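Novice: Attaching a single structure in structure tokens format; questions to follow.
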């Protein structure tokens, strides 16, 4: 079904090009895409919980960059969508540092926005802050990876380099549509506590907003859209690095456009996230809580969620849309959040209030309704009024996978503790006092003609997003802005952002709101001030400076010492061959004598190929970034490795003769040299 839709998409797109080219664009536009996958085995994964450790690859992770420049003013903006669980401040700081070393003042924190899709199957170990290192810890409890960090930073910079080199006159068209059945609210007790909940027909935002980029010479540059959803089609029991449902949509749209990831310029489809804090798929995953569950087939769940977003994007791509024109501008602020003063018009109090020192509440350890932690004695809704702190703290220590590290830190600080500022949240983790989280955060607003893009370093809930968008619109409507979209998980990461009413109920999201009950009104104030400055042409002063922690030592898992193999075997040798033939829709698996994939990340390359004989040569039909393939690594004894290559044969695959190939690199225990190897199965038939 998906492939038929993709073919239809390509045909309709061809018909629409001529009409679109009748109007010359008024911006310079460019796009670029690059691999940010990093290590795929014996490394942590970020999104669910500590000790989720990768043992292979499902779909590669990529950075997708767009640059827009106003030729008249020279101002330009950069937006990068990354297939990551979160965009950590460490990454943003390093990316900008490298861009400025290369381009000078052309790019800075003010005009570069980096966002994450929030896949829960991406690489971890990217943050310089301890809380996120704890959450990133693999099964050896190491929570930082310089290999993963550099892969992500290098790939983001490379994607921007490509977009920079590809700048040319072009146009941008804005469309939007309702994807009504794909999501649901997982935190209704919090949402329904909002005084304005009754003003809305839906308890999640259903709108996909999309930009189509096309150069004046007719070349299709790409698309960028925003849709609020937790990309958790793959469960926490799934241990392959993957871009999940948004990556599925990106891959299949790009496949339909003939994207070539090795090319310096190719079609780029970026599916960004928005205010997804309390928003999950209506389909669920294989291990979601009762009432939220999807199929037992992990990959089928990805296809359901990804196809829904893909089909909406295809529909929007064919629409004429609203041609963007007018001013391009931006404002950015590093905001000191602890002690931030929230003015009465935003706090809705008679007097100003201040934000708190960051902390996490007990319901943070409970997990969301769709995926609870099931720690005895820990649940959502734990407040000062209904919680015995001593009993709850002991329950956490007894049941949490990070309890050992927490106990060590808390033993020093004599916690559990109380902070009246955070009321009614009973504090579990003193994340601010321990310097485990950033306390200076970036807030950012881009304006492209009638569109404002608000970059926030949070998982904002549905109602938080609505209130923040309203503040931006209030300030910028007089300047011609008619549409506001939130780019969630942008430039840094600070957990969740809930309204005061939601915070009071202390669901998982409220307990994960770091700066207290007035955090969301504070963000309303910050973006309102940024938007006012844009409307009036004023600058904005920072109220804090983010610390550079890059020189601090972080504990990392030791690298590969050496690879070995049994006597009389060779690296790449096929240990288990495929069967002689398979029906379409079947699954092919072969096992190879392999080596550790950390020896060579194969960035912009592949660990596997599926090849078909075309009558004169072998032609690749699938690689390790394709949805239908999976690469699995496992350790056998101290230094032996086995690798499985799996191909789930598409129902519309061409019949014929096929083979599987595996590529890797082994490290010598004598010299430390790393050498490539490859292995090839015997051929098999697809009928």
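Each residue, glycine too, has its Cβ placed from N, Cα and C.
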Novice: Need a hand: TrEMBL gives 118, 459, 496 for Zn(2+), which of 230, 283, 332 is also on that list?
Specialist: 230
Novice: Residues with Cβ closer than 8 Å to the Cβ of residue 496 (Zn(2+) binding site), same chain and 6+ apart in sequence?
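Specialist: Within the chain, residue 496 (Zn(2+) binding site) has Cβ neighbours under 8 Å at 277, 458, 459, 460, 461, 508, 509, 510, 512, 513.
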Novice: What's the number of neighbouring CB atoms sitting within 10 A of the CB on residue 230 (Zn(2+) binding site)?
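Specialist: Its Cβ has 26 other Cβ atoms within 10 Å.
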Novice: Can you name the residues of this chain that are 6 or more positions from residue 118 (Zn(2+) binding site) yet have a C-beta less than 8 Å from its C-beta?
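Specialist: Residue 118 (Zn(2+) binding site) has long-range Cβ partners 47, 84, 85, 86, 230, 231, 273, 276, 459, 488, 489.
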Novice: Excluding 118, 230, 459, 496, please set out which residues of the same chain place their CB within 8 Å of the center of the CB atoms of the Zn(2+) site, keeping sequence order.
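Specialist: These residues sit around the Zn(2+) site: 273, 276, 277, 279, 488, 489.
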Novice: Over the domain 'Neutral/alkaline non-lysosomal ceramidase C-terminal' (529-686), work out the mean pLDDT and round it to an integer.
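Specialist: That stretch averages a pLDDT of 98.
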